[in-house]
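Read through the structure below, which is laid out as C-alpha cells, and then see the notes.
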Amino acid sequence: MASSSPSDQLVEQKPVPDEQNLSSVADRSATQLAREQQVGNRPGTLTIREGSYKPRLFLLSFDEQHYTENEYASYDELLTEFRAHPELRHWIDVRGYDDLPLMQRLIDDFQLHPLQMEDVLGDYQRAKVDVFDDNRLFLVSRMTEFTTLLEIDDDQLSLFTGPNYVLTFQDDYHDCLNTVRQRIRSGFSQLTRKPPLYLAYAITDVVLDHYYPTMAAIGDYIEKLEDRILQDRPDRRVLNRILRVKKDIIRFRRLVYPEREKIAEILRQPDEVVSEEMKMYFRDSYDHAIQALELAETYRESVSSLVDLYMSNQSNRMNEVMKVLTIISSIFIPLSFVAGVYGMNFSREAPPPGPNPANMPELYQPWGYPGVLTLMGLMVIGQIYYFYRKGWLTNR
C-alpha cells in the first residue's frame, strides 16, 4: 500500500491573536463585510471573502488495497490523477478560497450548482443539506474550537458527494479531520470498503465529536469562574467573563441546532438517496447532536446560576459593609449622648440668690474627667462584648 501524507506536515496552525484583541468582533465584522459585498448581486454570483487564503489542493485516493495522498501545486495535475483512477474512492480537499477561476472550474468539472458554490465561498452558511437531481448531496457543517482567548471559533466545512468521490471545501488550512485521514491511512477502516457517502458520514461525525471538547473546555471555565466567585472578592471583570461565556454558549446552540436538523433531513431522504444502512450510521450522529444540544442547555443554565451567584455575592458584600458601618454607628451613638450631656452649658455659678450645686457637681470633682472617659470606655467594651456574643462580629 503506497502512502504519502503531506497534509500533516504542511498544515498551518492559525496564529493566536493577542489577548487584548477582540477577535470575535473582528470575525463578525468580516462576516458582515462579506454579506455587504453580496447585497444586490445576482443569485449565484461568486464573491471571494476578504482575508481568504490561497487554495491548497489535496487528493486522497484509496480502496482496500491502495492508498495515496498528495498535495498538488496545480488543479490540472489533481484532476488528471483523479480521472486516471475511476475505480478508486477519492477525497478531494480544497483548503482556501482565494482563486475565483479555480472555483469556477470546480463548478464546471464536478457539475456543482452556482448557488451552492456561493454558499461555500460565503463561509457563513448555517449547517444544512441539499440534494441534487442525480441524488448527490451537498452538506454544510460548522467546525468549532474553544480558543485560548476563551471564545468559540467556528469555521465552515462544505462537502459534496459524488459516485466515487467526496469534495470538501474549507477556508482554513487547519481542521479537525485528521482522525478521518488516519483511519483511511490505516487501510483497515470501513472507509476503504464503504461507498463515498460513508466518508461524508465519517466527516460529519468527527465534526460533531469535536463539539464535546469545545463544551468540555467551556465547562472547565465555568467551574473556574464559580470558584473565583466563591473564594475571592470578584470584581466587575468576573461578571463580564460570565456574560461572555453565556453568549458563547448561546452561539454554540445556534451552531448545533441546524446540525441536528441537517441530519434529520438526511434521515428523511428516500433509500435511493441515502440507503437504510447509511441511515443507521447517521442516526448515531443524530444522537450525538441531541446530546451536544442538551449539554449546551445544561451549561446555559449553569451560567445563569453563576450570574445569580455573583449578584448574591455582591449583595452579601454590601450587607457586610453595612453591618460594619452599623456597628460603628451603634458604638458612637451612646458616646455622643454622654459627650452631648456634658457639653451642655449649665454653669454652677449662678446669679443671686447664689450658686446652684445641682448643676453637674461631678464636673468640679478631681475624678470628673477621668470618670467620664472611663464610663465611655466601659460602654464601648460592653457593646463590643454584646455584639460578639450575638455573633455580629464574626461570620457565624
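Placed from the backbone N, Cα and C atoms, the Cβ positions cover glycine too.
Among the features that TrEMBL reports, compositional bias 'Polar residues' is placed at 1-10 (among others).
According to TrEMBL, the feature compositional bias 'Polar residues' maps to 20-40 (among others).
Here TrEMBL flags 1-46 as region 'Disordered'.
Residues or ranges marked as transmembrane segment by TrEMBL: 324-347 (among others).
Packing against the transmembrane segment (367-388) from elsewhere in the chain are residues 327, 330-331, 334-335, 338-339, 342, 394: each is 6 or more residues past its ends and has a CB under 8 Å from a CB in it. Annotated transmembrane segment per TrEMBL: 367-388 (among others), in sequence order.
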Distant-in-sequence neighbours of the transmembrane segment (324-347), which means Cβ under 8 A and at least six residues beyond its ends:
359-360, 363, 372, 375-376, 379-380, 383-384, 387, 392-393
